[in-house]
Amino acid sequence: MVQLVGSLRKELADSLSTCKVLVVGAGGIGCELLKNLVLTGFKNIEVIDLDTIDVSNLNRQFLFQKKHVGKSKAQVAKESALQFCPSANIIAYHDSVMNPDYNVEFFRKFMLVMNALDNRAARNHVNRMCLAADIPLIESGTAGYLGQVTVIKKGMTECYECQPKPTQKTFPGCTIRNTPSEPIHCIVWAKYLFNQLFGEEDADQEVSPDTADPEAAWNPEETAARATASEKDGDIKRISTKEWARSTGYDSVKLFNKLFKDDIMYLLTMDKLWKKRKAPTPLDWQQLEKSVRPQEETPGSGLKDQQVLGVWGYCQLFQHSVETLSSQLQEKGEGAELVWDKDDPPAMDFVTAASNLRMHIFSMNMKSRFDVKSMAGNIIPAIATTNAVIAGLIVLEGLKILAGELESCRTIFLNKCPNLRKKLLVPCVLDPPSANCYVCASKPEVTVKLNVHKTMVLSLQDRILKERFGMVAPDVQIEDGKGTILISSEEGETEANNSKFLADFGIRNGSRLQADDFLQDYTLLINVLHTEELERDVEFEVVGEAPDKAPPPQTNQEEVNSITNGNKDSAQPSTSSKAPADDDDIMIVDSDEEEAVSSSSAATVSTSTKRKHPDAETGETSTKRPRTEQSSAAAAPTDNDDDDIIALD
């Protein structure tokens, strides 16, 4: 007779009490997951999260209370989880999982790693650390009502980076407010600003500098002090943005100087943010007005929506749109609110102007109104119920792994609408590793198309190796027979190379570079494909196939444009996440693999094609949806944040 401890077999229950697991992230999914783990019987848990608790987290991250605002998420989550099971042994780290202290040996002490992240960069890193340590990883993510969980095991399944990820659509608040690195970050900020000034104010859509940014203050006490700062914290008044704007009579010049001068100057005081980033440059209305050039006032040729104006042009557009929107608000009467609509000209003008001014401040190429409109999709909300469902699925997959039944693990999609079989949860078989993956292949190799006469060594390091290929501390050697060291992770050794072009080191079409990241135990061979025909504002492109498999440069070859996450994210975030399910007798979905069908109003199928598998009930072949991305109609799975699914918390 099978012995049970609660609802689990005794052998499995004993395994839970002795095995050690790592939870990466203590936000929306992480809180639910930590609670589930201790209540299921896991006794040895370590949790890591760099973030601190914000008021906007309290509506869905239930391990936190108002008294915890400003404190470490990992530490408070540990303390709250221990109230469910005081006998559990939980270790909390208020730190970044990308810190070199958390090396391969650190990961090897766990039987299982569970990701609950919100950015692509961190997801990529954990993926590589688990591959290097040969530890099973359960990846997850949510996007509104959509969710996804998957299991990653070296040599058995696809890794997180086997499939290209679409651009991340949700981003950490501190990225939006403090350290934007891509135009989409500025566009999201501008949409938030519209609501703060003219629409329904939302604590999740704050636009002022985030004084509790964990990256700006590594000391937990200092972070907490920043978060609980008085209302006179520098030049930033802790009052409603709309209230302040009304007090100025929606004076466009005062609004401009507050948003693009005073707030930026305040950001500059958070000097830790700018040690490894280019610092922003504040704008001053009066100075711009004096230095305006006549040609900036002259419209360019071509369609109006596709023109990129100068800085002063966007200043004038900002002024005009603020005056128009404030008049509309006044006409509606006291307490009225405007709703942002991309098809409303004044609203679109405001977001175009505000986002482009912020792009200029943070040294990005500005975008046309057409580009901004196409990128300004719906903001995906964070839904507590979705987080709870996904956290439960993570534990179910974890139980399968610990029971030695890894072959029965599945990718689980949580859809917004039932599929053809009336099911919201859809399990799919795990795909094998991709032979062309530049991470988990036996000899990772990529081809990068760039201009060797215009690409600097610093761009190779930061934009290509770190942002695009997710390395943390790369070392690069030129395969020129001499072993020339182009980039060293040791501080100061090759800094003199940063401002030089690749061609200065004899790098040309066909050159090969070997990039090593010793922290990730990862080596990547890069084949350089020189070209002078890249599109405007595109620094490089990843061909995606080894040169011996790629068609000649002159033919039409499929390429993957490099869209890096600042997670982009970033990490991240994005976030492709497949997810696990549990034993067939425990799962609330059928054990047979089903076609991941989602309503056309909920999701669109990614362009990447995966293998098909037979449907257990019909015997017909159905196509598995490997990655889902948000459609214009509604949010759908896609990291974090990304990918398949972007975690919002």
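Cβ coordinates come from backbone N, Cα and C, glycine included.
Keep in mind the model is a prediction, meaning the values are calculated, not measured.
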Kindly point out the range from 203-233, 234-264 that TrEMBL annotates with region 'Disordered'.
203-233
Do you know the DSSP helix, strand and coil residue counts for the domain 'Ubiquitin/SUMO-activating enzyme ubiquitin-like' (448-535)?
19 helix, 28 strand, 41 coil
In angstrom units, rounded to an integer, how far apart are the Cα atoms of ASP49 (ATP binding site) and CYS174 (active site, glycyl thioester intermediate)?
14
Pop the Cα-Cα gap between CYS440 (Zn(2+) binding site) and CYS174 (active site, glycyl thioester intermediate) into the table, whole Å please.
31
Sequence gap of 6 or more, C-beta under 8 Å: which same-chain residues meet both conditions with respect to CYS437 (Zn(2+) binding site)?
GLU158, CYS159, GLU161, CYS162, PRO444
In Å, rounded, how far does the Cα of GLY28 (ATP binding site) sit from the Cα of LYS191 (SUMO cross-link)?
23
On a C-alpha basis, identify the one among LYS165, LYS191, LYS258, LYS416, CYS440 that is nearest to GLY25 (ATP binding site); the candidates are the recorded positions.
LYS165
Just to confirm my parser: what is the rounded mean pLDDT across the domain 'SUMO-activating enzyme subunit 2 C-terminal' (545-643)?
34
